[in-house]
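Visitor: The following block contains the structure, expressed as structure tokens.
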Amino acid sequence: MTAVIRACFKGYRHLFHELSDPRSNDMFLMQSVWQPVTVVSLYLYFSLSLGPRLMKNRPPLNIESIMKIYNLLQIPLNIYVIERALTLGWATRYRWICEPVDYSESPYQRQVIYAVWSYMMLKFLDLADTVFFVLRKKATHVSFLHVYHHAGVFFGAWVLAKFLPGGHGTFLGAINCFIHIIMYSYYFVTMQWSEYKEKIWWKKYITQLQMVQFFLVTIHSLIAIFTKDCGYPKFICGLMVFQYTFMFFLFLDFYMKAYGKKSV
């Protein structure tokens, strides 16, 4: 038993201390894997258990003003991250078929690390979406798709920031931020001017864009897998192929239920 514990401890140290990137250790939530694990655990506990119980015998909270500020704030934050992704990589230096991570201490790479961490922090902020649903008693919105997506994307972003801050995987962040600019703009407009909610005809296309996102990330990851001598870990690309294929079908199922087969 002692040998098993020692082996587990040794494996933990090897993975999270020797294989991880130490350059982000001084950033918020980046010191230990137990930090994102704690965040996700608290998120799941509040979203699926504590929150609904607290709100069971209470009226929905009126937090429209907070949500308007939140939705409006998301727009420039996502613009900032996509600008960083394009300026530092995808519109300048990065190769589309394969881009390994630069582990140097150059000022340029420090900017890349900060940009990847900023994307992770955006995904941390996105968890508030679910908190708002719970406080407003929108139980049907707190679905498996919603919770799995938010928790999974946050933890996945943490893994990239901790182990692979830069390179091929940042393509996901760039395209995801672009879609979130559109999505949070829609949320803000329809909340600020409710009369436009029925007039804005492109709501369903946000879901379609999300599915396009998953398709593009899957193809982009497959290209890296089959590119000879690509310095980006093929195992991570394989995980991304699995994850975003799964997400594609989850969103497709939601789309079919929400808009019907005739809308496809």
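Glycine is no exception: its Cβ is also placed from the backbone N, Cα and C atoms.
Taken from TrEMBL, the feature transmembrane segment applies to 28-48, 112-135, 147-164, 170-189, 209-226, 232-252.
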Visitor: Which listed stretch (28-48, 170-189, 232-252) has the most C-beta pairs under 8 A with the transmembrane segment (209-226)?
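Guide: Most Cβ pairs under 8 Å with the transmembrane segment (209-226) come from 232-252.
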Visitor: Find the member of 28-48, 112-135, 147-164, 232-252 that has more C-beta pairs under 8 Å to the transmembrane segment (170-189) than any other listed stretch.
Guide: 112-135
Visitor: Pairs 6 or more apart in sequence, C-beta under 8 angstroms, 3 or more of them: is that satisfied by the transmembrane segment (28-48) and the transmembrane segment (232-252)?
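Guide: They do not touch: fewer than three Cβ pairs between the two stretches lie under 8 Å.
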Visitor: Other than its close neighbours in sequence, what residues sit by the transmembrane segment (112-135), given a CB gap under 8 Å and a spacing of at least six beyond its ends?
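Guide: Result: 21, 23-24, 27-30, 39, 43, 46-47, 51-52, 55, 60-61, 63, 66-67, 70, 74, 77-78, 80-81, 84-85, 88-89, 102, 141-142, 146-147, 150-151, 153-154, 157-158, 160-161, 165-166, 170, 173, 176-177, 180.
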